[in-house]
Amino acid sequence: MVSSILRDARRIVIKVGSSLVTNEGRGLDETAITEWSRQMAALVNGSGGPRREVIMVSSGAIAEGMKRLGWSARPSEIHELQAAAAVGQMGLAQMYETKLREQGLGSAQVLLTHADLADRERYLNARSTLLTLLRLGVVPVINENDTVVTDEIKFGDNDTLGALVANLVEADALVILTDQKGLYTADPRRDPHAQFVHEAAAGDPSLEAMAGGVGTSIGRGGMITKIIAARRAAGSGASTVIAWGREPDVLLRLTQGEAIGTLLVAQTAKKQARKQWMADHLQLRGAVTVDVGAAAKLRQEGKSLLPIGMVAVEGEFSRGDVIAVRDAAGAEIARGLANYASAEARLLCRRPSSEFERLLGYSAEPEMVHRDNLVLSGG
């Protein structure tokens, strides 16, 4: 199945861990980053296949900071970790920028925390920014903003962040590159009977029992965090591959359909997963009523909702809240994430996007609800 899932994937989140990026803490591994950059460029440019959108989630800031500060052991004091992250992020971003630029690609540094993705407005802002970067052909390089968080450094990991980014942009696949070849039924270093797991369902509860253990002194994630990340990614319909990051041409071979590493398959299609997520996790905050033309475009063509088609706004809501879209008879057509708060939406009713700046003092998205953030009701 890996052949079809990765071969058909058009939007891919790639996560690399500290032990790979830093060669077990001995500074950034320039050779490895050069190789990943070359492969990412081939994917983005469509060399030998379709063009793909790629997001890199990269650890390594703390490890690089430790090297620059002359520390051989990872400190336990939280503010020293934050200082190391601040120092190391400079080198990490510069390395990716240099290597991607050598391949003719632009890059963008994006620092996120779990809180950014838990807040609806910041979630929507982050999503819009990342999708714009992808549209421009830029490779976002994402890391956790370790300098301003605490729990994420102590207990978190970039495997989880990679999964959350896959959720955020509705990626087709998450590729976790690690220093292991994939998942085994037991630790192969201790159990000679351990068998390699080529494929499993991402939600299989037996996987966590197989993946016990902890991370290295450089990074914090072990195989268990990758299993949990795969389950999270599957929540938005993304399947996950866990593979050895130093496998030659690993990204190119995966996207050509070669079976490398462990494939953890999402059991729910992307559109259905998105609908279920909105139904289960987001509370309805308000509603807008639309005219006949807008209702038809939503129902029949799955178009975005433009303010010019809105005739009324109900309730008080903020940007990023879930609102219902109703026709003139009050029947619910769809639900989606609002790009504008209720007060702004009332000003924009029946107005073309060319008037937004005059009415609001700024001009952002032309849509009230973008089609990517909209789910039709009733199936």
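Including glycine, each Cβ sits where the backbone N, Cα and C put it.
According to Swiss-Prot, the features are:
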- Lys15, Thr178, Asp179: ATP binding site (BINDING)
- Ser59, Asp146, Asn158: substrate binding site (BINDING)
- 285-363: domain 'PUA' (DOMAIN)
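Annotated features, which come from Swiss-Prot, shown on the structure.
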residue: Lys15; record: ATP binding site; Cβ within 10 Å: 32
residue: Ser59; record: substrate binding site; Cβ within 10 Å: 28
residue: Asp146; record: substrate binding site; Cβ within 10 Å: 26
residue: Asn158; record: substrate binding site; Cβ within 10 Å: 29
residue: Thr178; record: ATP binding site; Cβ within 10 Å: 25
residue: Asp179; record: ATP binding site; Cβ within 10 Å: 14
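Look at Lys15 (ATP binding site): DSSP puts it in a strand.
For the pair formed by Lys15 (ATP binding site) and Asp146 (substrate binding site), distance between Cα atoms is given as 16 Å, rounded to the nearest Å.
Broken down with DSSP, the domain 'PUA' (285-363) shows 28 helix, 23 strand, 28 coil.
Considering only the residues assigned to substrate binding, Ser59, Asp146, Asn158, the longest pairwise Cα distance works out to 11 Å. Each residue contributes its Cα atom, and for Asn158 (substrate binding site) and Thr178 (ATP binding site) these two points are 12 Å apart. Cα-Cα distance from Asp146 (substrate binding site) to Asp179 (ATP binding site): 22 Å (rounded to the nearest whole number). Ser59 (substrate binding site) and Thr178 (ATP binding site) are 11 Å apart (CA-CA, integer value). Cα-Cα distance from Ser59 (substrate binding site) to Asp179 (ATP binding site): 13 Å (rounded to the nearest whole number).
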